[in-house]
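What TrEMBL annotates here:
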REGION    1-46  region 'Disordered'
COMPBIAS  1-19  compositional bias 'Low complexity'
TRANSMEM  68-91  transmembrane segment
DOMAIN    135-313  domain 'SMP-LTD'
TRANSMEM  245-265  transmembrane segment
DOMAIN    312-433  domain 'C2'
DOMAIN    460-575  domain 'C2'
REGION    558-591  region 'Disordered'
DOMAIN    577-701  domain 'C2'
DOMAIN    727-849  domain 'C2'
DOMAIN    921-1043  domain 'C2'
């Protein structure tokens, strides 16, 4: 890189105006080269150097042909070579642009005054701020101080990165245990302050400064992961922005200023020159993506509303208020319309001019909103409203950018900027604003809303908001600011490992998360969270502490609920007392325990979705690849993607445990799946209040913020029932309505309340442990808090689990001590709950080590669906069991028929009755045949076989083959898995045929039980078969039946 003339010890040309200067395009070394060539210098070394340079140049050009040779050697097409060449040229272009930008910026900063005087014709953007604005002052004295301090700051940065950052990176991931900083140099180019602006009169208790900073440095930071021989780094960086510095509070003692706050008012511009493996980030596409990710990280730390606070005095008061002050006010932005926009869509290589598909980005600081896309309209009408928090006046700006939506890269149509101070002065601004960098105008209505510290006018605000039409969100009546400071003594993870805690705060469907603090059970967050509230009287704040990479919720923080952590209760339970209360016999859970319900969400289908896929530059319109995203109670679900369909059918079922907290909403969004960014297809919301009250919801929802589209959604509240009489029917119904695309449906809800433990083993013989407990069912776990130093901890925590198969699952309890390992465990099969009264056990349980007991309540509730559309039958003579449907309903358009007693007995001769009919000579197969009207599919479940025939010495390897006659092609054939060497195989496999009901009634189902004849033969041995005429079967019942297998002389193949 060229060194500036002013860097040497000799006087610069600017100091000698009488001396002639070189032309700008000629390097200073040209004179030296000409003088040397005219002297009597030996020719040998020069000729050798030229020959070496020629050979080097030839070798480099020869290396270019190596990829072409390798591609031909492995048989790749020329397209791979061209693609690689295009990537290299793009990477080279981005690198050259960055290097030119760095050289130009360094030249400007090296001799700012001379170049400013010489290039007054430069664009207004390139001039320093002190030239453009008279209230911005130069601060050369400050730059000299920074230059003097810069080497020492480099030493501090090297120490910080090598001693603090590197160990943290190595501890965050086992693959990065060899991560090291091999080089840390801030370079010789210090940060420069181009101008300083002081804002007088803002407040008598603070000093407000705006520093226009510019860093064009030769910084070099290299990192290496030795385990993978990976090297990467940064060599050169540009950072430009306006840094606001606030000196407050002003105090009467030294050092006069209590603290310094600093932040960027707007996102600074960043340009990084990568080295090593990170050179790949300079590939077009990745370059902007990497810079954006880094800027997002900087914005989360140093861009409003985030700020860096440096206290200058000890015991500073109101640190939280200084670090996260309340907003100055709220601006309600009404994005109404635009007119006269430019046309960007062109077809047939520009021969046909179209219109544009405009949308707008509204940005205030880090708050960004995107409007919906208006297709093919140069005068779009949006009519959308957004609310933003304003933290600094003056300084922050409202920025609106308009783009034309395209399949590849969106075209820029113009932007406008407005200082928020003008909105504060006017109160209400309703104007057409011209777009800069394009053509047209945008219509905005801006309202300034002040924040009141009392609720006196809340009812008046709510009444006013009812008359305000606002989309996509209703208008807000208040804001809530939560400052999250720290936590202490969080429980450790398994193996006494330090947790990675984070905090999740939710108000209805608005959820915000804190940063994760790695390997620390006493985390310090010092973060602020801000929420808009539509009605503060009915909304609640839910705070949960989560561990990263774990689904465990450790501390429910709603006051008064089981599991709320009361620090005072810990001290009261530690140790022992002479006047200790008598040992309780049963638990005393909170009144809300066991009141949860299960919401079953059935996403059926959608219609008239908008087409987002476009080909050939928009000339050819395609369809969409839609999927659905659901958000409820802090959980998210996502459906599968249906390819190229504007009327997709998903038919997927999701389940979530819900409480009766008012104001909950199900948030639904539909997207089009794309390779880069998924396109928005619409949204809708469903209030759970009516669903939880009525128990059922089945409607077509109109999708909002899109021209067309609607979604068919079915919601059902399942209330747990404390009886096992209907469990078999529930399992049967679940197997019938279970879709192949969804997870297995829950048959029960298990609620567990863990109150306390006693007589836990002491640590090292004398010291009491610090116990915690883990409750696990299947893949779901819940971990309690840790009680410090006691052998009789009181936890008072509850957890709920969805149970798929209550007959086989079990509750696992482990009690461990912090730093002392396992203290005891308990395994409680849920089958024990099924035989108890009210499906509940509430007592002391002895831990398996023989030392220690726990007091817990385990309560099971069977989830009975009232709207499944299926009538299951319990195959028993017991008069207590009944159909799942308590009310007569229509099923799939067929009349609901109540079976008479003779018909029921006839079915029970093939069913699981207490006195079962003997199997035939060839055995029996158990089948369920049913027509599922929701999916318009014929469903058959192959449960099992029994008493099959054994022809040879060894038992057969049976499987079941199904064929839907009269078709014998592969499209109607289904086959189960093969079971090894058994006469009583269990299959429990489901098969489907998509066809109308009237056509299904004309078919016959051919069921064959076969076995492999030998290892070397493809021939299959027929063990027996049965043929079912579907017209003679009541397909609405869905009852499992045993069928006798018959002989067949013909042997088929699989």
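Residue numbers in this text run from 1 along the chain shown.
Cβ atoms here come from the backbone N, Cα and C positions, even for glycine.
Keep in mind it's a predicted model, so treat the numbers as computed, not measured.
Sequence-distant neighbours of the transmembrane segment (245-265) (same chain, 6+ residues past either end, Cβ-Cβ under 8 Å): 203-211, 298-299, 302-304, 306-313, 316, 319, 322-323, 365, 392, 395-396. With DSSP classes pooled into helix, strand and coil, the tally for the domain 'C2' (727-849) is 18 helix, 58 strand, 47 coil. The DSSP breakdown of the domain 'C2' (577-701), given as helix, strand and coil counts, is 7 helix, 59 strand, 59 coil. Per-class residue totals from DSSP over the domain 'C2' (921-1043), listed helix then strand then coil: 10 helix, 62 strand, 51 coil. Confidence for the domain 'C2' (727-849), expressed as mean pLDDT, is 86. Across the domain 'C2' (312-433), DSSP assigns 12 helix, 59 strand, 51 coil.
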